[in-house]
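Q: The following block contains the structure, expressed as structure tokens.
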Amino acid sequence: MGLKQNLHNFKEKNKDKKWLPGFNALFTFLYMPNETTHNGTHIKAADDLKRTMNTVIMALVPCLIFGMFNAGYQHHLAQGLIESADGFFGASFWTWDNFVIGLWKVLPLVIVSYGVGLAVEFIFAIIKGHEVEEGYLVTGMLVPLIVPVDIPLWMLAVAVVFGVVIGKEVFGGTGMNILNPALTIRAFLFFAYPTWMSGDKVWIHGAVERDQAIAAGQNLDAISGETILGTLAQNKEVGYNVMDMFYGIIPGSVGETSTLLILLGALFLIFTKIGSWRIMLSSVIGALVMGLIFNGVVSSGWITESSKFYGLMSTEFWHHLLIGGFAFGTVFMATDPVTASQTTKGKWIYGFLVGFISIMIRVFNPAYPEGVMLAILLMNVFAPTIDHYVVQGNVKKRMKRVKVKTA
Amino acid sequence: MSKDIRIKKGLDIKLVGEAEKTTENAIVSNFYYIRPEDFHSIIPKLVAKEGTRVKAGETLFYNKDNEAMKFVSPVSGEVTEVQRGPRRRIDAIKITADKEQSYLDHGKFDASADADKIKAHLLASGCWAFVKQRPYDVVANPNHSPKAIFISGYASAPLAADLDYTLAGKEAELQAAVSALSKLTEGKVHVSVGNNNSPLAGLNDVSVHKVSGPHPSGNVGTLINKVDPINKGEVVWTVNAQDLVIIGELLLTGKFNAERVVALAGSSVKKPRYFRTKIGSEVATMVYDNGVDKDGNDRIISGNVLTGKKVAPDGALDYYSNVLTVIPEGDDYEFFGWNKPIFNKISTSRALTFSWLNPKKKYDLNTNTNGEHRAFVVTGSYEEVFPLDIYPMQILKACMYKDLDEMEALGMYEVAPEDFALTEFICVSKQPHQKIIREGLDLMLKEIG
């Protein structure tokens, strides 16, 4: 009673202040507002945007926690301090030491992502005089999960500012953007600081430091922390088995590795009806189709082992679902309702093309063997076009009705 | 030819406080209010100035654009006040009722009359107000010739008055009304019913359709869309089933009898049931004697919770409503309301909302918006509750950016605000869908006509 009343009085007293949206953003986190309906429907369903966004965050939490353990595990493994873990519940994986290292490396990413991003959101809300929108709650959680663990924090901060301002706010904020803001942030990092976003050093904490130490003349072994895709792109033998890939005990961006937990998140999103199962399913189908085509090319002997695409093309088609960022991108990024297709039919087409193009870019881009980010951004751009043609179908049906009548 | 219509997309909102099927006479109201705003887009030209004595059925004002279209008093008495708003707009006409009611005799009507005579009769007697048209969802323009007339005899809205109950025994009036209406169209009069026991099921001169499925199966817009959708250049008319009784009685007896059986419902009402009352009656005559707390923090709605109008405690029943709903106001904060599990509210998602566990449960909802207004974000949810062959979010956006060509192409001629009540109810972004559609229709009416 006391706190609620005090906050309410404070809000009423400062009604005309410019900074009020900033206060309201915090207030509405604590208490759902006392707003009532006017005319129109007098009752409203229980869901609001905060609840929707919160559901996505809940789906992401397992990936975040796993990512912390994995960051520490990969670090310790590369240092030769521990044995490699045997399966998902492997003894050397879920250890306190791993978690501490992970927390130490990943938490700053989360803090910078949320801190910088929300600061930009608050500033824009106050300048433009609207309430702080919830879109960044999910974006801020996605960003630390899709970057390499050793990315310098200042780069992340610059990218977040760029992504939120250019990716979202210039279009008018949450709901108006064309490109997925989290992927815009990642794309900025990818093109601005490519050495920190790909290669065989950035995926494991400590590998870059070790390299610098070697360069400085110390006598140490270099750490090689290639992702599976990186290995395949060089036509080398992969040192991980399929279950490792599925469980996610492999190097990669912080939260993208565990297909198992991403699958759990996907099921949660589908069950809660927050994520579109159509996009997820059609994207998986698209990826499998592309994978099968490549397998077909290999088995019909059109390319030989000497080809630089051989390693990725000959990867069994369904392994593509387990490696790289495909699962994470499909479940959490491609389904962003604002930037995906908005019509039911459009979602099928959009999802299929996301999967299809992801694998295509992945195979044909030897310098940087992953295509999910670029495929989703590309399809974000095409989503309105897909919708346009789907809606035109409805419009044409309506026009035909008139013609039948007048004929 | 009749056709069974079964829809799957929609949502039945089950609320506490359904009216029990007993009818009482409401306390006779001392004052009656007629609000020109009930007749959307009509500019009233006042005839009965303050101090004028009127009989029931005598003209209060007429349509400025069509002098023949009269709007009449529901009761006999004296016009004691004309309440005006900004720019001298007429807000309400207050009539102090006589103790003994007297009716203006509009004359018994010859059933074999032709269309023009029927139109003239309905226009002069005030019954034309009950005939609405689509496109635009306004009082019908009598100069048009509609391709069909649609009447919904099935009420699927939350806490709606059960038409099978309120219209029982009125078959003669209903028949007279639909027979007259059937002469006004080259096409048919389409009537939807929920089951074969409906008083409307046995009518002649009409095409009866049985509808089933969740709300909005009973909306007339759904009926139109499934039977004979409106194309560009076409006009259909709609009449509320309960208003047929008034039209029918006028034709049979010559009296404009504004009596109507109204359901008093909602969770704030202790004894929800039906009342016999008149158009324009003060809501206080029904609400407070029946268990609504006088100092309570309640919302009184003339109409149902999805499409009705908020009325003040001293307000009146509006011209088209046959239900009066009273629900609690929700002007309070809720601690962590946005992330804690929710069991006592309705939701179509399962985002820690648990109404899916028990689809039969009845809910006590208040007027809280359950969140703040945002831009459109979530996609695909509207389509689940929207049975028309129209893209709801796209048409709403077209209305917002006022693109007339796109509105037309997407099907704006077919819709009325009430068709978007369910999408508004479930809207995660809390957008005012019905207002957006109403403004879109007004813009089209002004620009295209």
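Cβ atoms are placed via backbone N, Cα and C, with glycine included.
In TrEMBL, annotation is done automatically, which means it is predicted and not curated.
According to TrEMBL, the protein has these features:
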type	residues	note
MOD_RES	A:Thr227	FMN phosphoryl threonine
TRANSMEM	A:52-71	transmembrane segment
TRANSMEM	A:106-127	transmembrane segment
TRANSMEM	A:142-166	transmembrane segment
TRANSMEM	A:178-196	transmembrane segment
TRANSMEM	A:245-272	transmembrane segment
TRANSMEM	A:279-297	transmembrane segment
TRANSMEM	A:317-335	transmembrane segment
TRANSMEM	A:347-365	transmembrane segment
TRANSMEM	A:371-391	transmembrane segment
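Explain the structural surroundings of these features, please.
A: Spatially close to A:Thr227 (FMN phosphoryl threonine) yet at least six residues away along the chain are A:Trp203, A:Ile250, A:Pro251, A:Gly252, A:Ile323, A:Gly324, A:Pro369, A:Glu370, judged by Cβ distances under 8 angstroms.
Residues 135-136, 138-139, 142-143, 146-148, 150-152, 155-156, 158-160, 162-164, 166-168, 171, 202, 333, 336, 339, 368, 373-374, 376-377, 380-381, 384 of the same chain lie 6 or more positions beyond the ends of the transmembrane segment (A:178-196) yet place their CB under 8 Å from a CB of it.
Sequence-remote contacts of a segment are chain residues at least 6 beyond its ends whose Cβ falls under 8 Å from one of its Cβ atoms, and for the transmembrane segment (A:317-335) they are 56, 59-60, 63, 142, 145-146, 180, 182-183, 227-229, 232, 242, 245-246, 250, 252-253, 255-256, 259, 262-263, 265-266, 269, 275-276, 279-280, 283-284, 287-288, 290-292, 294-295, 350-351, 354-355, 358-359, 362, 369-370, 372-373, 375-376, 379.
Listed as Cβ neighbours of the transmembrane segment (A:347-365) (distance under 8 Å, sequence separation of 6 or more from its ends, same chain) are residues 229, 276, 278-291, 294, 309, 312-313, 320, 324, 326, 329-330, 334, 340-341, 371-372, 374-376, 378-379, 382-383, 386, 390.
Tertiary proximity for the transmembrane segment (A:371-391) is limited to same-chain residues at least six positions away from its ends with a CB under 8 Å from its CB atoms, namely 146, 178-180, 183-184, 186-187, 190, 324-326, 328-330, 333-334, 339-343, 345-346, 349-350, 353-355, 357-363, 365.
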Q: At a C-beta cut-off of under 8 Å, are there same-chain residues at least 6 beyond the transmembrane segment (A:52-71) that contact it? List them, or none.
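A: For the transmembrane segment (A:52-71), the sequence-distant neighbours (Cβ-Cβ under 8 Å, at least 6 residues beyond its ends) are 93-94, 98-99, 101-103, 105-107, 110, 134-135, 137-138, 141-142, 144-145, 149, 205, 248-249, 254-258, 261-262, 264-266, 268-269, 272, 274-275, 328, 332.
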Q: What residues elsewhere in the chain lie close to the transmembrane segment (A:142-166), defined as a C-beta under 8 angstroms and at least 6 residues from its ends?
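A: Non-local partners: 60, 63-64, 67, 71, 105-106, 108-110, 112-113, 116-117, 120-121, 136, 181-186, 188-189, 192-193, 196-197, 201-208, 253-256, 325, 328, 332-333, 373.
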Q: Residues of the same chain, at least six outside the transmembrane segment (A:245-272), with any C-beta under 8 angstroms of its C-beta?
A: 55-56, 58-60, 62-64, 66-68, 70-71, 73-74, 84-85, 87-88, 90, 93, 106, 109, 144-149, 203-204, 225-228, 280, 319, 321-325, 327-329, 331-332, 335
